[in-house]
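Novice: Just dropping this structure here.
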């Protein structure tokens, strides 16, 4: 099928009042720390870039898209733009794109990325007819780049300072070249940060134009509290306009960017409707695969009051259900755990025993069982606290960070800047 790429409202100014877009928030982890970015993304009341109220699994995202299209049939584009980086979450990103392409062959697909980890996926992106990719390139001089990025995490190794900026730039430019070889429309975002790169954005424009970039979005930096750059003011409109005019001599400019949330939906510039956000929240409460019937949550507990047992040490799991009025949860079963030993087979047996559970709440768990259970559609959540509070919170989509153990939060990948260590 030939896609009508003119209907992309972010790349075509004439389409933005007619066609809408939807960002599916399936990518919470990030592989770099920008000095202007606050990784606390779970917020309903802010509208800064990267914010989302929920994070979805790929199949939850498809369920949400189905409902969103009923409310806004003018949506022409499905994008993945965070709240982290799509290719720091490659499995979730690629599965989501595959699911959407299969069900909605006429839909435009796009991703927005920093480009660090994108290279291995470009060929499949082209096969899936991902027509538009946005790369954020804030500097082509590593001396400037090292002022913008606190760290870069690539192939499980940490990089800082100039080395980090050089690695990021190398991968960004290689990704841009490969995207153009595969015929993908490439937009480059370059964030104007006063006193840091405002005198350099034109050089970025010149470089990416020479490599075939289709459009540049020179957009003003968004001042965000609790960041390294929190004391840097946003650029004034005159500075932005001058940079856009000068860059416009090199390649076309996008001038209608709304610096969208990672869960933005509808016409650019319009606030997400309450009805649409209710559909997003509904999707987040579904099992990871909404087509499956998983009405329960399992818990590892020594005495039946607290979540205080390691997954591998539990000899039985308590199983809870949400009551019909959704005001409390009830213990409905107790299931024996498979005997110790057996490696992966043990965890596959546990997954079978808990096949009607959407999550298992434990004090801690190893990587191997987490991987097996996740592949079976069961979330493993490391939590400390009272069973009823935690189980009810998971069922109803509450923020449980106050109960989560630090190993579950993964500071350097998801909800805060961290220092980039301890991610795995």
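The backbone N, Cα and C atoms fix where each Cβ goes, and this holds for glycine too.
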Novice: 84, 188 bind S-adenosyl-L-methionine according to Swiss-Prot; which of 136, 227, 330 goes with them?
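Specialist: So the S-adenosyl-L-methionine site in Swiss-Prot includes 84, 188 plus, from the candidates 136, 227, 330, 136.
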Novice: Do me a favour and check the Cα-Cα span between residue 37 ([4Fe-4S] cluster 1 binding site) and residue 84 (S-adenosyl-L-methionine binding site); whole Å is fine.
Specialist: 10
Novice: Between residue 34 ([4Fe-4S] cluster 1 binding site) and residue 188 (S-adenosyl-L-methionine binding site), how far is it from one CA atom to the other, in Å?
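Specialist: Residue 34 ([4Fe-4S] cluster 1 binding site) and residue 188 (S-adenosyl-L-methionine binding site) have their Cα atoms 17 Å apart.
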Novice: Please identify which of 30, 34, 37, 260 has the densest Cβ environment, defined as other Cβ atoms within 10 Å, among these binding-site residues.
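Specialist: Answer by Cβ density within 10 Å: 30.
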Novice: Find the average pLDDT over the domain 'Radical SAM core' (12-261) in the predicted model and report it.
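Specialist: Within the domain 'Radical SAM core' (12-261), the model's average pLDDT equals 91.
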Novice: According to DSSP, does residue 188 (S-adenosyl-L-methionine binding site) sit in a helix, a strand, or coil?
Specialist: strand
